[in-house]
């Protein structure tokens with residue numbers, strides 16, 4: 001069973017990701033991880049922190065000479081600002097006089113609407129929001145991206161699967177309604193200021209961000225992850241928690257600020273009749289073919305061989321520059337919410353994080369289906385399964401050949 005966990009605080013010494021259950025033989029380097037972390041920093045509308053934040057990556061265990069060993073993989077991501085926060089975020093007790101002189105240690109008692117501050121303070125008995133916001137911060141997603149790089153490399157090397165994403169809309173901008181991009185389009189997408197796949201939509205998104213920045217406000221949006229090359233049969237229909245769509249939705253909803261997930265055409269299918277909501281099947285030279293992908297590559301909780309499409313809705317960042325009304329929990333008085341340095345819009349970066357969680361879930365599903373202790377063994381198991389699937393679809397291909405369909 002593939003498992004992953006992260007540790008660390010936003011202004012702590014470092015973030016740590018641990019991946020357990022990955023097979024031996026997967027090629028991965030600290031450079032590959034750093035490249036994915038750099039993609040996470042992309043996007044128009046990011047805050048000042050992105051200008052100096054550099055994700056120094058150290059692989060602590062589980063990889064030797066660029067190849068996984070089969071044991072737990074631990075990855076550390078340094079915090080370049082740690083010297084400024086060393087006393088405030090120290091693990092061991094610090095002299096009270098030293099903390100009193102630090103503006104960074106000022107009590108944060110005015111929780112931000114939409115953030116974890118309020119519920120976290122009450123749940124854990126904190127008098128200060130600092131312990132909450134440090135762990136709840138989206139900075140934690142850097143550790144997830146590091147873990148997801150391992151999964152991404154496994155999917156590519158074992159199954160030939162590629163995971164990418166693009167931004168559908170930002171705020172009230174124009175919405176991208178064209179066909180999903182292919183793996184050859186990723187360079188173009190990452191070169192876009194907002195990771196958009198359409199120049200006109202990109203201009204509309206940038207205008208939205210500029211307007212929000214001028215007004216001292218923040219923006220959310222919608223991103224789509226696309227996965228290419230998946231085999232039929234990952235996931236299961238046998239129980240709810242084995243359904244791949246339930247696992248994907250849970251993983252993506254676990255990303256900070258994500259408030260909605262849909263697979264394929266999702267909510268749009270609720271407005272259609274059944275005759276226009278599903279993907280009809282036809283005979284093709286290689287087996288069953290389809291002309292549409294409304295289901296987004298999943299049927300009955302299982303992959304069906306078509307591209308997987310997962311969309312996520314990100315709410316506007318809750319640290320609003322012009323600040324929202326709140327209550328000071330120390331005095332009970334009405335107040336203005338605390339304001340930490342933040343982005344106007346982090347939707348482009350959210351797409352990379354959605355890719356990460358989708359890759360982790362799919363890698364877990366693939367390992368559950370095909371198993372193996374090494375990359376080579378997983379490949380052999382996959383090849384045997386694919387031969388069995390081809391045999392099962394042979395009558396379809398034979399009929400297609402005899403009838404001249406798809407020629």
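Note: Cβ is positioned from N, Cα and C throughout, glycine not excepted.
If you look up Swiss-Prot, you'll see 40, 46 marked as NADP(+) binding site, on the strength of sequence analysis. Among the features that Swiss-Prot reports, FMN binding site is placed at 135, 136, 137, 256, 257, 300, 315, 316, 317, 318, 319, 341, with the record citing sequence analysis.
Recorded features from Swiss-Prot, shown on the structure.
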residue : record               : DSSP class
40      : NADP(+) binding site : helix
135     : FMN binding site     : helix
257     : FMN binding site     : coil
315     : FMN binding site     : coil
| remark: Filtered by Cβ under 8 Å and at least 6 apart in sequence, the residues in the chain of residue 317 (FMN binding site) near it are 218, 219, 220, 257, 342, 343, 344, 345, 346
| query | Do you know offhand how many angstrom separate residue 315 (FMN binding site) and residue 40 (NADP(+) binding site) by C-alpha? | reply | 18
| message | Here's one to test understanding: among the binding-site residues 135, 137, 319, whose C-alpha is closest in space to the C-alpha of residue 40 (NADP(+) binding site)? | response | 137
| remark: Quick tally, other C-beta within 10 angstroms, 40, 135, 315; top of the binding-site residues is 40
| query | Under 8 Å Cβ-Cβ from residue 137 (FMN binding site), six or more apart in the same chain: what's there? | reply | 9, 10, 256
| note | Within 10 angstroms of the C-beta of residue 319 (FMN binding site), the count of other C-beta atoms across all shown chains comes to 21
